[in-house]
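Noted in Swiss-Prot for the protein shown:
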type	residues	note
SIGNAL	1-24	signal peptide
DISULFID	Cys27-Cys39	disulfide bond
DISULFID	Cys38-Cys313	disulfide bond
DISULFID	Cys57-Cys141	disulfide bond
BINDING	Glu59, Glu63, Asp203	Mn(2+) binding site
SITE	Arg66	site 'Transition state stabilizer'
ACT_SITE	His70	active site, proton acceptor
BINDING	Asp71, Gly86, Asp88, Ser90	Ca(2+) 1 binding site
CARBOHYD	Asn100	N-linked glycosylation site
CARBOHYD	Asn155	N-linked glycosylation site
BINDING	His197	heme b binding site
BINDING	Thr198, Asp215, Thr217, Thr220, Asp222	Ca(2+) 2 binding site
CARBOHYD	Asn241	N-linked glycosylation site
DISULFID	Cys277-Cys344	disulfide bond
DISULFID	Cys366-Cys373	disulfide bond
Amino acid sequence: MAFGSLLAFVALAAITRAAPTAESAVCPDGTRVTNAACCAFIPLAQDLQETLFQGDCGEDAHEVIRLTFHDAIAISQSLGPQAGGGADGSMLHFPTIEPNFSANSGIDDSVNNLLPFMQKHDTISAADLVQFAGAVALSNCPGAPRLEFMAGRPNTTIPAVEGLIPEPQDSVTKILQRFEDAGNFSPFEVVSLLASHTVARADKVDETIDAAPFDSTPFTFDTQVFLEVLLKGTGFPGSNNNTGEVMSPLPLGSGSDTGEMRLQSDFALARDERTACFWQSFVNEQEFMAASFKAAMAKLAILGHSRSSLIDCSDVVPVPKPAVNKPATFPATKGPKDLDTLTCKALKFPTLTSDPGATETLIPHCSNGGMSCPGVQFDGPA
């Protein structure tokens, strides 16, 4: 399928909505929804925004977005139901088990942050809470799509087994096989899900540095990560020889402004013949990337459940902040000469400009450009 046709198909799939039914209702706050069951998520969204995210695409939002993936991907067709139930909220139901798996290192922050909401909004299952909180979190990131949200996942009774979460040191083959086993994800869908790395940072790959971003714009949902992973690496933002990390093109930091980290898995997926063209196709294609991510997330978020058994409550997901009106650009001091050898020869690489500046880009630690960020941390068992 040509990429132009693929773009149109993905965009259509991403915006499809269930038609209003006879069960449509008006919630106590006046919001009209397709089903009365969706009303319970309106106060939850308000509580999450005011108490946890504070309307910011910051660390608390980033961590909950990560949690949606780690909770959902823990399912296996080959191992069977006892391996895990997918998007089942088991991270919250078993907060002293799954968060302690090595691949989930650091996820206890988001688990502990959501546990008070699970107790307060106790008519909502933990499984629904995790996926809805992720959709609310993403809405704070300029340029993000408005995610689909299906409600009605039951509470789980068992934790997932260890070993189902892809890790940055895994080979491309192992990653693709894991996604295939989890839910028949195609290589294109795998790359689409990695758009989440444009609003992601790492604390545990290199524990000598805090909140290392994966691109130069970690507070906006844009295509920079797909460009910057294609640049030649020049150094590490912290120590070297860390498992799952390779050299980054923007390692320079200053104070709490940490340099860019490059995951070994991102590097490999951007260069592997099975995925390189998909990776490259997202560079400077904001709408295509956002629509592709939305479609892949719709599939991920219901792993372990039948779509027909769930209720479409997408209309209570907050409308995301608009995209920043800026195309993909090479960071200051970088240009076409800094591109690594491109594996994908079928696509013409877009013509991009470089940001002005004679020194390497410093990536701000906080979305407000400062060094002190708003944040919430609840105590919990994880």
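Quick reminder: no glycine exception, Cβ is built from N, Cα and C everywhere.
Sequence features annotated in Swiss-Prot and their locations in the structure.
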residue: Cys27; record: disulfide bond; Cβ contacts under 8 Å, 6 or more apart: Val33, Ala36, Cys38, Cys39, Ile42
residue: Asp71; record: Ca(2+) 1 binding site; Cβ contacts under 8 Å, 6 or more apart: Ala87, Asp88, Gly89, Ser90, Met91, Ala127, Val130, Gln131
residue: Gly86; record: Ca(2+) 1 binding site; Cβ contacts under 8 Å, 6 or more apart: Ala72, Ile73, Ala74, Ile75, Ala182, Gly183, Ile302, Leu303, Gly304, His305
residue: Thr198; record: Ca(2+) 2 binding site; Cβ contacts under 8 Å, 6 or more apart: Phe214, Asp215, Thr217, Pro218, Thr220, Phe221, Asp222, Thr223, Gln224, Val225, Phe226
residue: Asn241; record: N-linked glycosylation site; Cβ contacts under 8 Å, 6 or more apart: none
residue: Cys277; record: disulfide bond; Cβ contacts under 8 Å, 6 or more apart: Thr343, Cys344, Ala346, Leu347
residue: Cys313; record: disulfide bond; Cβ contacts under 8 Å, 6 or more apart: Val33, Thr34, Asn35, Ala37, Cys38, Phe41, Phe149, Met150, Ala151
residue: Cys366; record: disulfide bond; Cβ contacts under 8 Å, 6 or more apart: Gly58, Ser372, Cys373
- Note on the structure: Judged by other C-beta atoms within 10 Å of its C-beta, the most isolated of the binding-site residues Glu59, Asp222 is Glu59
- Tell me, which recorded positions from Asn100, Cys141, His197 are within 10 Å of Glu63 (Mn(2+) binding site) if we use the C-alpha atoms? none
- Within 10 Å of each Cβ, count the other Cβ atoms and name the one among the disulfide-bonded residues Cys38, Cys39, Cys344, Cys373 with the highest count. Cys38
- Query: If you measure Asp203 (Mn(2+) binding site) to Arg66 (site 'Transition state stabilizer') at Cα, how many Å is it?
  - Reply: 12
- Query: Which residues of the same chain, at least 6 positions away in sequence, have a Cβ lying under 8 Å from the Cβ of the residue listed as 'active site, proton acceptor'?
  - Reply: Met91, Ala103, Asn104, Ile107, Ile165
- Under a criterion of Cβ-Cβ distance under 8 Å and sequence separation of at least 6, what residues of the same chain contact Asn155 (N-linked glycosylation site)? Asp88, Gly89, His93, Ser125, Ala126, Ala127
- Rounded Cα-Cα span from Cys141 (disulfide bond) to Glu59 (Mn(2+) binding site), Å: 11
- Task: Find the one among the recorded positions Cys57, Cys141, His197 whose C-alpha lies closest to that of Asn100 (N-linked glycosylation site).
- Result: His197
- Message: Near His197 (heme b binding site) in space, meaning Cα within 10 angstroms, which of the recorded positions do we find among Cys57, Arg66, Cys141?
- Response: Arg66
